[in-house]
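Let me begin by presenting the structure, written as structure tokens, before commenting on it.
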Amino acid sequence: MTFRNCVAVDLGASSGRVMLARYERECRSLTLREIYRFNNGLHSQNGYVTWDVDSLESAIRLGLNKVCEEGIRIDSIGIDTWGVDFVLLDLQGKRVGLPVAYRDSRTNGLMTQAQQQLGKRDIYQRSGIQFLPFNTLYQLRALTEQQPELIPHIAHALLMPDYFSYRLTGKMNWEYTNATTTQLVNINSDDWDESLLAWSGANKAWFGRPTHPGNVIGHWICPQGNEIPVVAVASHDTASAVIASPLNGSRAAYLSSGTWSLMGFESQTPFTNDTALAANITNEGGAEGRYRVLKNIMGLWLLQRVLQERQINDLPALIAATQALPACRFTINPNDDRFINPDEMCSEIQAACRETAQPIPESDAELARCIVDSLALLYADVLHELAQLRGEDFSQLHIVGGGCQNALLNQLCADACGIRVIAGPVEASTLGNIGIQLMTLDELNNVDDFRQVVSTTANLTTFTPNPDSEIAHYVAQIHSTRQTKELCA
């Protein structure tokens, strides 16, 4: 038997993990084992919301060392993280300034300023990326405007996964899928857009040309002295998750469900027309030159904050209590900027309901019900927008990532969207990370080949839409009202 041992470092906004994958060539089987899991979260430092990158690096090294201590020969390592955030370095490779997190308020008002000065359509035609107030474009503008004293010291700007790869290897890389999330990469050239960089105040010399997934960045020397290749995987965690989504045919959509929910479809070409711009659709880079045509949705961040504020530890009990409540008594727009990082999420949700003359969710279960109903309704709206954009309905929706373990939300999504939902795999980002490593090691031919492996090894659960559910009737009523308004317009 021929085995490959690949290690995926998968960092999310709330946790990180070091996972060992064992691939058996002859039977094309893939097994995952968690080596080390650790917390991640936002910190307050000198008036900014930041990441503790030193703690994250220590946790990564600890996890890798644990694998080596077991006597396992590692064939390769890959790192994926969330998008848009970066670390600045000087000529000696030392950090400049703080690793500020995207939920910091320093970018307030800058997206509007960019649209006024550069033109919203021009920015979109150049980047093809969704307008989000925390995109790297606006973060760099905030930095160069608010902390100009740092500029003379900056030699390099590395996105988060590239920074951690650099810390392991001493080699710098700018991986393409994550680079596209910045709103600074030109969609036609796949290189940094000079006009957008100029507006941000950043120097193009801070960046190297983006590289597509599948190259070896450098090597990490383990405690035993072995040199282990560090592969540039699809380093944006959603790009990795999509690789591991067992999409079956062109009519399949995906939803990467976690702190963020990202819903979209794969395409060989980007969508940058006026319809896409009006819907605020993003065209992020994917593996093998594909585009991830998708839309960002605030996701389970809202529920995570409620759990934290109410000190709820028994999530299954909360979900059971939530399921017993009637649907759609309280609904909000999860994508409202007010929910990005409020002081108190529970109070913010209640205020939003109060302002729209709805009942106020008071109990833990009522707050959770408000969130899951609102997410399912937004999923239905976004799926409809995506279908209109491409001119064809979807036949099924694949929900992947940690959020796919929420059976209530999966069923609500199926009912609201009126579409079959297939949930799994849970560890989609990790698996997609491993998939690129196996392709780099010449064990697999391409993404479609890897998806066949995932389909046969992952635990998948199907949710069939119930047209008689409360939320399905609610959606039908909304659509009927919209059509009436359109006829009367």
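Placed from the backbone N, Cα and C atoms, the Cβ positions cover glycine too.
For the substrate site, Swiss-Prot lists His236, Asp237, Thr238, Asn296; matching the candidates Gly71, Gly78, Gly83 against that entry yields Gly83. Among Cys222, Cys328, Cys346, the cysteine that Swiss-Prot records as disulfide-bonded to Cys68 is Cys222.
The record from Swiss-Prot ties Ala13, Ser14, Ser15, Gly16, Arg17, Thr259, Gln304 to ATP, and of the options Gly109, Gly170, Gly402 it ties Gly402 to that site too. Cα separation, Cys222 (disulfide bond) to Arg17 (ATP binding site), rounded: 18 Å. The substrate site is defined by Gly83, His236, Asp237, Thr238, Asn296, and by the 8 Å test on Cβ atoms against their centroid, the other residues of the chain that qualify are Trp82, Asn178, Thr181, Ala239, Ser256, Trp260, Leu262, Glu284. Between the CA atoms of Asp237 (substrate binding site) and Cys413 (disulfide bond) there is a gap of 22 Å. According to DSSP, Asp237 (substrate binding site) is assigned to a helical segment. With the fewest other Cβ atoms inside 10 Å of its Cβ, the least crowded of the disulfide-bonded residues Cys68, Cys353, Cys370, Cys417 in this structure is Cys68. Sorted by the number of other CB atoms within 10 A, the recorded positions Ala13, Cys413 start with Ala13, the lowest.
The distance from the Cα of Gln304 (ATP binding site) to the Cα of Cys370 (disulfide bond) comes to 13 Å.
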